[in-house]
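S.K.: Just dropping this structure here.
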Amino acid sequence: MDSEQQQSAIEGAKVLMVGAGGIGCELLKTLALSGFRDIHIIDMDTIEVSNLNRQFLFRQSHVGQSKAKVARDAVLKFRPGISITSYHANVKDPDFNVDFFKQFNVVMNGLDNLDARRHVNRLCLASGVPLIESGTTGFLGQVTVQIKGKTECYECQNKPAPKTYPVCTITSTPSKFVHCVVWAKDLLFAKLFGPKNQENDLNVRSSDSSSSSEQVEDVFEHKKGEEIEQYARKIFDHVFGYNIELALSNEDTWKSRGKPRPIYCKDVDVIPTEHVHQNGNQGRGSAAGDMTSVSAMATLGLKNPQDLWSLKENTAVFLEALKLFLSKREKEIGNLSFDKDDQLAVELVTAAANIRATSFGIPLHSLFETKGIAGNIVHAVATTNAVIAGLIVIEAIKVLENDVKNYRMTFCLEHSSNKMLLMPVEPFEANKSCYVCSETPLTLEINTRRSKLRDLIDKIVKAKLGMSSPLIMQDSTLLYEVGDDLDEGEVANYAANLEKVLSELPSPVRGGTILTVEDLQQEFKCSINIKHREEFDEEKEPDGMVLSGWTQAQAAEKNSNVSADNGASTSGASQAASTMPEDDDDLQIIIPPPVSGRKRKLSSVTATSGVASAAAKEPKIKRKAEEIDGDNENDIVMLDDGNISKKGEA
């Protein structure tokens with residue numbers, strides 16, 4: 001296609017970009033400057049201070065405003081003659097259905113989470129619209145063209161499960177600082193400020209069942225008339241003193257490992273807050289209506305987040321943070337979950353993790369480091385985002401030209417391979433075992449006489465299969481459905497089914513049953529073969545069920561020698577504590593391992609708009625890397641000679 005025809009195709013195209021974060025800002029600018037005249041943006045997020053270091057369309061005055069709208073307004077200032085439509089909304093909203101997607105020539109993703117990416121993938125497959133996936137993590141990046149019937153879809157390769165830790169390690173025998181952070185974030189913070197009806201192992205250690213009958217009082221209940229200072233010290237003594245004493249009572253546990261040291265308030269010379277400088281931070285937060293700006297560090301005069309606090313300082317921060325939550329943010333208690341952008345939450349988790357680390361002889365970390373671990377943060381590189389955005393536009397133009405032979409999946413590397421930092425390869429063919437684009441049935445091992453329909457929906461249909469509005473059928477019997485068009489009787493009937501074990505449903509689900517699961521919004525359907533299984537390993541299979549499929553991808557994982565989790569999702573701290581990346585900006589996929597039976601080799605590629613050319617050679621990097629499902633600010637991943645490990649791990 002000559003340049004005039006190409007420019008005509010670009011100007012006549014209607015494109016959708018999902019995500020207006022790190023990649024999204026660069027992408028919108030590049031699309032506008034490349035001649036695209038009809039651009040639509042969907043993003044549900046608002047601008048945060050932490051975005052400003054790399055999302056260049058935003059300024060301090062934009063904090064709290066819609067990313068999509070501000071990005072649109074910023075680009076229209078230097079490209080006023082084009083049409084940009086912004087949607088401050090979730091791409092999973094019913095308005096963004098298959099018919100909505102069909103109006104576009106190409107869709108471009110700059111998303112930050114697995115769930116949304118799977119949703120867009122299915123909508124693009126159902127609508128037949130080409131999808132260009134992208135992501136960055138630090139200096140690493142990737143752009144992938146995904147077209148129904150021609151290349152693999154986003155879900156053709158099984159995604160690794162988030163790193164999880166057995167609850168017994170977290171509550172009883174931590175050996176790494178990350179264990180202390182998970183304990184502070186997922187157990188202690190959740191117990192103090194989350195829903196009151198949740199259970200975890202802090203009030204009475206689950207491994208010490210003998211003590212459960214002796215201690216019936218809920219230590220975490222803030223009694224009427226109980227002074228905040230007294231309550232804060234009671235919590236401190238319980239979790240850092242009494243619980244450690246209980247752990248020490250099991251002598252067998254400590255025969256081959258160092259014993260922890262109980263810490264009580266009386267053992268620490270705590271900084272009295274009434275004698276330290278208060279800079280008015282609480283008042284500023286209250287006046288602005290932003291309770292998340294309340295800070296224990298400010299109250300205590302601690303200024304540098306990269307300083308290592310002493311036990312005395314950690315104790316003071318913990319007590320002060322807890323008191324500030326109770327006095328300044330009491331209305332939020334009961335509905336809070338940890339947020340890495342909540343300063344007071346990060347302070348409390350840092351202090352708690354460090355105090356626990358002191359007990360177990362684990363090196364301490366600064367607030368800056370702890371925030372990175374707790375939020376799974378890897379700091380973004382704006383240049384990587386810009387490079388990836390440029391590659392997205394290059395592939396989008398090829399799609400508009402229908403230049404199938406020149407589609408490329410391009411990897412942005414931190415270190416050169418074959419003298420290249422940009423590694424283009426041919427797109428992979430579809431996985432014939434993919435349950436999404438090839439409709440291959442899945443197999444679910446489950447105890448049909450013990451597991452409820454609710455368990456199957458929450459842990460498998462929603463958590464593993466990514467369905468938002470599922471419909472479940474056994475033969476011609478509808479077992480479950482959601483929707484606004486249901487009458488009261490249907491709603492009550494399906495609600496009753498949720499609480500029934502599978503074998504006792506109106507159409508019983510037993511070994512050999514085939515369930516049809518469908519999401520009408522995604523226009524996606526798959527089959528699940530049920531296999532009854534009596535027992536499961538509580539540590540390795542905490543959900544009490546195992547979903548299998550994606551046979552080629554699993555073979556690849558086995559061959560790659562990368563240790564992987566069992567794939568079970570967590571269902572609260574009572575099962576296993578997780579370090580699933582929090583949502584923020586951009587998501588990265590690293591070069592997947594070669595798949596048995598499918599050739600995945602480099603092609604001779606002519607340099608295109610700055611993409612380095614290379615001979616048809618296999619890259620000199622060990623393909624042991626697995627996909628990283630997290631954002632470029634949210635993945636603690638260290639890539640060393642092809643081996644992946646989480647920060648804080650051996």
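Cβ coordinates come from backbone N, Cα and C, glycine included.
Okay, these came from TrEMBL:
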type	residues	note
ACT_SITE	CYS168	active site, glycyl thioester intermediate
BINDING	19-24, ASP43, 51-54, LYS67, 112-117	ATP binding site
BINDING	CYS153, CYS156, CYS434, CYS437	Zn(2+) binding site
COMPBIAS	556-566	compositional bias 'Polar residues'
COMPBIAS	567-579	compositional bias 'Low complexity'
COMPBIAS	603-616	compositional bias 'Low complexity'
DOMAIN	4-435	domain 'THIF-type NAD/FAD binding fold'
DOMAIN	319-371	domain 'Ubiquitin-activating enzyme SCCH'
DOMAIN	444-536	domain 'Ubiquitin/SUMO-activating enzyme ubiquitin-like'
REGION	556-650	region 'Disordered'
S.K.: Looking only at CYS156, CYS168, CYS437, the recorded positions on record, which one has the least crowded Cβ, with the fewest other Cβ atoms within 10 Å?
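M.R.: If we count Cβ atoms within 10 Å for the recorded positions CYS156, CYS168, CYS437, the smallest count is at CYS168.
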S.K.: If you take the centroid of the Cβ atoms of CYS153, CYS156, CYS434, CYS437, the listed Zn(2+) site, which other residues of that chain have their Cβ within 8 Å of it?
M.R.: LEU125, GLU152, TYR154, GLU155, ALA430, ASN431, VAL436, SER438
S.K.: Provide, as an integer number of angstrom, the distance between the C-alpha atoms of ASP112 (ATP binding site) and CYS168 (active site, glycyl thioester intermediate).
M.R.: 31
S.K.: Just give me the nearest neighbour of CYS434 (Zn(2+) binding site) among the binding-site residues GLY19, GLY22, ASN53, Cα to Cα.
M.R.: GLY19
S.K.: For ASP43 (ATP binding site), identify the closest of the recorded positions CYS153, CYS156, CYS168, CYS437, judging by Cα separation.
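M.R.: For ASP43 (ATP binding site), the spatially nearest of the recorded positions is CYS153.
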S.K.: Where the distance is taken from Cα to Cα, which of the recorded positions GLY19, GLY22, ASN53, ASP115, CYS168 turns out closest to CYS437 (Zn(2+) binding site)?
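M.R.: Its closest listed neighbour, by Cα, is ASP115.
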S.K.: Counting distance between Cα atoms, which of the recorded positions GLY19, ASP115, CYS168 is nearest CYS156 (Zn(2+) binding site)?
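M.R.: Of the recorded positions GLY19, ASP115, CYS168, ASP115 has its Cα closest to that of CYS156 (Zn(2+) binding site).
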S.K.: Please report the distance from the Cα of GLY19 (ATP binding site) to the Cα of CYS168 (active site, glycyl thioester intermediate), rounded to the nearest angstrom.
M.R.: 38
S.K.: Counting distance between Cα atoms, which of the recorded positions GLY22, ASN53, ASP115, CYS168 is nearest CYS153 (Zn(2+) binding site)?
M.R.: ASP115
S.K.: From the Cα of ASP115 (ATP binding site) across to the Cα of CYS168 (active site, glycyl thioester intermediate), what is the distance in angstrom?
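M.R.: CYS168 (active site, glycyl thioester intermediate) to ASP115 (ATP binding site), Cα-Cα distance: 29 Å.
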S.K.: Do you know the DSSP helix, strand and coil residue counts for the domain 'Ubiquitin-activating enzyme SCCH' (319-371)?
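M.R.: Output for the domain 'Ubiquitin-activating enzyme SCCH' (319-371) reads 35 helix, 0 strand, 18 coil.
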S.K.: Measuring CB to CB from ASP115 (ATP binding site), give everything in the same chain under 8 Å that is also at least six residues away in sequence.
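M.R.: Set apart from ASP115 (ATP binding site) by at least 6 residues yet with Cβ under 8 Å, we have LYS92, GLY466.
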S.K.: Roughly where does the domain 'Ubiquitin-activating enzyme SCCH' (319-371) sit in mean pLDDT, to the nearest integer?
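M.R.: Here the predicted model's pLDDT, averaged over the domain 'Ubiquitin-activating enzyme SCCH' (319-371), is 93.
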